[in-house]
Amino acid sequence: MSATERQLQYLRQLVDGARRIAVLTGAGMSTESGIPDFRSADGLWSRDMSLTDAVSVDYFRRDPAAFWRAFRDIFHIKLVGDYQPNDGHRFLAALEASGKEVTILTQNIDGLHGRAGSRRVLELHGTLLTASCPDCRSPHPLDYVQRHELPACRRCGAALKPDVVLYGEAVPLIDVAFQAALNAELLLVMGSSLEVSPVNLIPVEAARAGIPCALINYTPTRFDALFDLCIQAGIGDTCRQLRA
């Protein structure tokens, strides 16, 4: 499904009329780079253990080795560096390069926004690209993590924890994200089903504050009524049409 010309015209009008733009991106942004959406019906996780248990902070603390086996399986750790930014990522980077103040609030942990050239990126759920020691806080790069079945801190030997927000942990940047959205002149949501709290409340607060909101997502969300514009289409295709 593609955006209609009327939808594209309205979206161009919203983007052109805003100097400060907040962009909330979800898994649908990265699936166009070939990264599976682990939460989808045909996603990566189909084991007996629930996803929320497998990538929970409690499971990490209880059994780091089993946690890392599940974590690698779910997030394809060995392939992370092979994925490339897509047209959606590049569109946002180009928008920033054009002089607009674009702040990306991403739920994704793949680092593709930064690799595309975006500089103002809040990784709300952390990043797969590093892991840190929970005891001495020593950081370790992805290539080190990829080489070890159970990555241990090179300084103190403790099991490393991936620098992602696990189930059971708070989202440390959530207040900053809300503030960025409320300071914007446009909130653009791309590739998010808006199922994960508290991030899904960002468009609620933005709409309540009178900020124009637009959504690009393959499927409807339960918050569609909040948006001034909803486009059910691919992100890359929509962004290519916008730049045409």
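Note: Cβ is positioned from N, Cα and C throughout, glycine not excepted.
The active site, proton acceptor annotation in Swiss-Prot covers HIS125 and rests on sequence analysis. Per Swiss-Prot, the feature NAD(+) binding site maps to ALA27, THR31, PHE38, ARG39, GLN107, ILE109, ASP110, HIS125, SER192, SER193, ASN217, ILE235; the stated evidence is sequence analysis. What Swiss-Prot lists as nicotinamide binding site is PHE38, ILE109, ASP110. Taken from Swiss-Prot, the feature Zn(2+) binding site applies to CYS133, CYS136, CYS153, CYS156. Look at Swiss-Prot and you will find 1-244 tagged as domain 'Deacetylase sirtuin-type'.
Swiss-Prot feature annotations superimposed on the structure.
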residue	record	CB count, 10 Å
ALA27	NAD(+) binding site	22
GLN107	NAD(+) binding site	22
ILE109	nicotinamide binding site	22
ASP110	NAD(+) binding site	24
HIS125	active site, proton acceptor	19
CYS133	Zn(2+) binding site	20
CYS153	Zn(2+) binding site	20
CYS156	Zn(2+) binding site	10
SER192	NAD(+) binding site	26
ASN217	NAD(+) binding site	23
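Secondary structure at ALA27 (NAD(+) binding site), as computed by DSSP, is helix. Listed in chain order, the extra residues whose Cβ falls within 8 Å of the Cβ center of the Zn(2+) site residues CYS133, CYS136, CYS153, CYS156 are PRO134, ASP135, ARG137, SER138, ARG154, ARG155, GLY157, ALA158, LEU160. Per-residue pLDDT, averaged over the domain 'Deacetylase sirtuin-type' (1-244), rounds to 92.
Note: the Cα of the residue listed as 'active site, proton acceptor' and the Cα of CYS156 (Zn(2+) binding site) are spaced 26 Å from each other.
For ASP110 (NAD(+) binding site), the nearest of the binding-site residues CYS133, CYS136, CYS153 in terms of C-alpha separation is CYS133. When the binding-site residues GLN107, ILE109, SER192 are compared by Cα distance to CYS156 (Zn(2+) binding site), the shortest distance belongs to ILE109. Here the Cβ of CYS136 (Zn(2+) binding site) has 11 other Cβ atoms within 10 Å, regardless of which shown protein chain they belong to. Proximity to ALA27 (NAD(+) binding site), defined by a C-alpha to C-alpha distance within 10 angstroms, is shown by the following binding-site residues from ILE109, CYS133, CYS136: ILE109. Nearest neighbour of SER192 (NAD(+) binding site) by Cα distance, taken over the binding-site residues ILE109, CYS133, CYS153: ILE109. Taking the C-alpha positions, the distance from ASN217 (NAD(+) binding site) to CYS133 (Zn(2+) binding site) comes to 36 Å.
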